[in-house]
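Per Swiss-Prot, these features apply:
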- 4-24: transmembrane segment (TRANSMEM)
- 53-73: transmembrane segment (TRANSMEM)
- 82-102: transmembrane segment (TRANSMEM)
- Cys94, His98: Cu cation binding site (BINDING)
- 122-142: transmembrane segment (TRANSMEM)
- 187-331: domain 'GAF' (DOMAIN)
- 374-614: domain 'Histidine kinase' (DOMAIN)
- 647-766: domain 'Response regulatory' (DOMAIN)
- Lys751: ubiquitin cross-link (CROSSLNK)
Amino acid sequence: MVKEIASWLLILSMVVFVSPVLAINGGGYPRCNCEDEGNSFWSTENILETQRVSDFLIAVAYFSIPIELLYFVSCSNVPFKWVLFEFIAFIVLCGMTHLLHGWTYSAHPFRLMMAFTVFKMLTALVSCATAITLITLIPLLLKVKVREFMLKKKAHELGREVGLILIKKETGFHVRMLTQEIRKSLDRHTILYTTLVELSKTLGLQNCAVWMPNDGGTEMDLTHELRGRGGYGGCSVSMEDLDVVRIRESDEVNVLSVDSSIARASGGGGDVSEIGAVAAIRMPMLRVSDFNGELSYAILVCVLPGGTPRDWTYQEIEIVKVVADQVTVALDHAAVLEESQLMREKLAEQNRALQMAKRDALRASQARNAFQKTMSEGMRRPMHSILGLLSMIQDEKLSDEQKMIVDTMVKTGNVMSNLVGDSMDVPDGRFGTEMKPFSLHRTIHEAACMARCLCLCNGIRFLVDAEKSLPDNVVGDERRVFQVILHIVGSLVKPRKRQEGSSLMFKVLKERGSLDRSDHRWAAWRSPASSADGDVYIRFEMNVENDDSSSQSFASVSSRDQEVGDVRFSGGYGLGQDLSFGVCKKVVQLIHGNISVVPGSDGSPETMSLLLRFRRRPSISVHGSSESPAPDHHAHPHSNSLLRGLQVLLVDTNDSNRAVTRKLLEKLGCDVTAVSSGFDCLTAIAPGSSSPSTSFQVVVLDLQMAEMDGYEVAMRIRSRSWPLIVATTVSLDEEMWDKCAQIGINGVVRKPVVLRAMESELRRVLLQADQLL
């Protein structure tokens, strides 16, 4: 609406101003009423000539401007092109008007005047149209100006934001550089000094210091500083200081006054004029904080150079905050690493100790294995050979005295064999027992004979007193009973060797009266399968008596048995005897007994009492029973008819044992072929060998062989269902028996191999094989 009103007002003003001019001039052009001054420069002719030249020059200028505008419009995307085209037309018409006007100063034809008039009218119309168009464009141009102002403002804001971004980028660069330098080391002192140096370089600081709380938490101590202190001697600030309290309570950077005590101390202790602006921030010490939520803080103080109007900027404060956080984390990591390093060193030390203990254990195991091998080769195998030979001698026709001596030798050999076996089984805590029927009277008689020999050899008199009412047929471990009795005799005789007037009293009696069944030491004896009527308790008491002192009564010994059962000896008895007594006591407990000791005045044992429980065994009936002992060989002269002519292959790596076992088998009537290894055994029974493999009916196999043990040989034999296998082994428990049964071994004889044990096992194996067939 405003644009239309402005256009009509412009047209109306032109009509108002042009009409009077036309009326005044009567419709024609005014004529100049000038006087020509003749020869003057400003003569009429000169003026007209000058105007004509000016018109031509104006026309040339007007014609050149449209060319430039046309080139500009064609080369760029300019808004309002139609306005520019109006300007071009207006300028061209103006140029034509001036050009034609230049020809009218002299005599000219009517057509020129007519053309001049037409172009002038066109110029007037175009100029009016252009003016009207400009009126409509002015508001748009004003909007463009406003937009220009807005763009300038936005450009200014953008420049400011770019500046902030550049500042942040620079700050980030400094922070990354400082963080990288801080994290290069894992030592806390190096971390702090690196922080001080790099932060001072980055921010151009005069000094930089770290304050930490003392052990009591009452003061802040200056612990790390970039530059040494000057004349100011204070290096501690109280925790109650206002600046310290303000810093510790705020997590922001605090700008301190130069008069502050912590600021002066951090600035090197010099003049206040030499210190610039001071900033401080707390650093949490995570590793020394308690679990109640109370944190411990260190303080980082940064001092700007003095004598300059420089102050802390936002960028510098942000750098200090980030560096403080990074230092806190780095110190915490360093503390964790120190603890880890200490733990690693402790673990390494423990590992070295474990390795040393492992080597010691390995050496001990090797020494034990060497000891066991030596004991086995040097003592156990020869003892087994001797016992085997003695078993053959027992089968000969001997007088009663000779038979008693041989039987005593066999019992003593069994004790020796048990001792050797126990010495090898002590580290494992295993002591084997073998419960079987035996004659108690014969065992007591043989033990008394052996004790008498020991006493006479040591110059001590020996007395024996055994009740006639003692049962004879009992069930127990005969070898262990004999071993314990000999140990007691040796323990009493050895400390009094060649002592004048000493005598050893050996008494055996049946325990009468009721025992205290609630005693924990007797609780292990009782079992649901046994009743009180089927058990018998026998007490073996040995007492050393001197002629010049009254002997200890056996009744008192029996009454004090419960009190002194766990006595350990000292003095002359010694640590070795004490250990031996401990082993003996363990053996006694295994055979359902208890042992007690009464020490003498010198600390050596004076009285020892052994109480054992045996199972009663019914007397042998005329028809025999399942528990009856094997029939005597002389009473049954044809008992070996089953074994006579039996083809046996004997496999044993020990020459002496192999020879003794061969003699035993030959005495039983077997035809024996002996080999010294498992390979020779497999070769001997293999098809196509020089030996007739089908003639071997039984293979007697030693399980403890060096190159190829008996288990592997037995498995190879059983893979083709070859002859019956009877194994010989040192120790036989339920686990070993199950293993032998799984492999296919038909029978097992425990070493030492004696005649009757071998005969009984071979007979059982052959009868079982016949029943299966």
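Including glycine, each Cβ sits where the backbone N, Cα and C put it.
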Structural state of the residue listed as 'ubiquitin cross-link', classified by DSSP into three states: coil
For Lys751 (ubiquitin cross-link): intrachain residues, at least 6 apart, with Cβ closer than 8 Å: His384, Thr728, Thr729, Val730
Outside the transmembrane segment (53-73), six or more residues from its ends: residues with CB under 8 Å to it: 81, 84-85, 87-88, 91-92, 94-96, 98-99, 101-102
Which same-chain residues, if any, lie at least 6 apart from Cys94 (Cu cation binding site) yet have Cβ under 8 Å of it: Ile58, Tyr62, Thr123, Ser127
For His98 (Cu cation binding site), nearby residues of its own chain (Cβ under 8 Å, 6 or more apart in sequence): Asp55, Phe56, Ile58, Ala59, Tyr62
Mapped DSSP class for Cys94 (Cu cation binding site), helix or strand or coil: helix
DSSP residue counts for the domain 'GAF' (187-331), split into helix, strand and coil: 54 helix, 39 strand, 52 coil
Mean of pLDDT values spanning the domain 'Histidine kinase' (374-614): 71
Residues in the domain 'Response regulatory' (647-766) grouped by DSSP into helix, strand and remaining coil: 55 helix, 25 strand, 40 coil
